[in-house]
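Here is the structure we will look at.
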């Protein structure tokens, strides 16, 4: 799997690599090679309820050059979304109970089953915590003084959608915007490779 830096702008613009008739009709591509660089392509109307989808929902699927790489990504063991949430409410990010409640609700919104919850309030400000779910975990670290939250949502299987959790948190933190990327974890050629026999 090529990284954003390896693929570069030239690769992302090589539309001959994509079959737009069969690929998802609306592609938002953000190239995160530098913190301030965001490139947006809005090709056509997206399927379904597109208003719930955020431009930050970048699927590494679209940045894969070959269909072989795409099918390889389909055999991953999990999806790990790394979200940078900016412009959040100081009061929310500095309140351990609110952050904990919102993280648990985000897990439930994504369709996960919550197992354990651990959160800690720092002095003078900031909250860190983990929500352990049957499908993996959600983690957060907040910087209320900067209005910033770093969120990781790692899910296994296809029943839980990590993007639903990220979008829920962005809305409920009263954020200005979110940037995020998804990493496929545990890429295997054959799902049987994942079994230790």
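Quick reminder: no glycine exception, Cβ is built from N, Cα and C everywhere.
Marked as active site, schiff-base intermediate with substrate by TrEMBL: 136. The active site, proton acceptor annotation in TrEMBL covers 141. Marked as active site, proton donor by TrEMBL: 156. Annotation source TrEMBL lists pyruvic acid (Ser) at 136.
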Inter-residue C-alpha distance, the residue listed as 'active site, schiff-base intermediate with substrate' and the residue listed as 'active site, proton donor' (nearest angstrom): 6
The residue listed as 'active site, proton donor' to residue 141 (active site, proton acceptor) - Cα separation in whole Å: 22
Among 136, 156 [active-site residues], residue with fewest other Cβ within 10 Å: 156
Sequence-distant neighbours of the residue listed as 'active site, proton acceptor' in its chain (C-beta under 8 A, six or more apart): 126, 127, 128, 149, 150
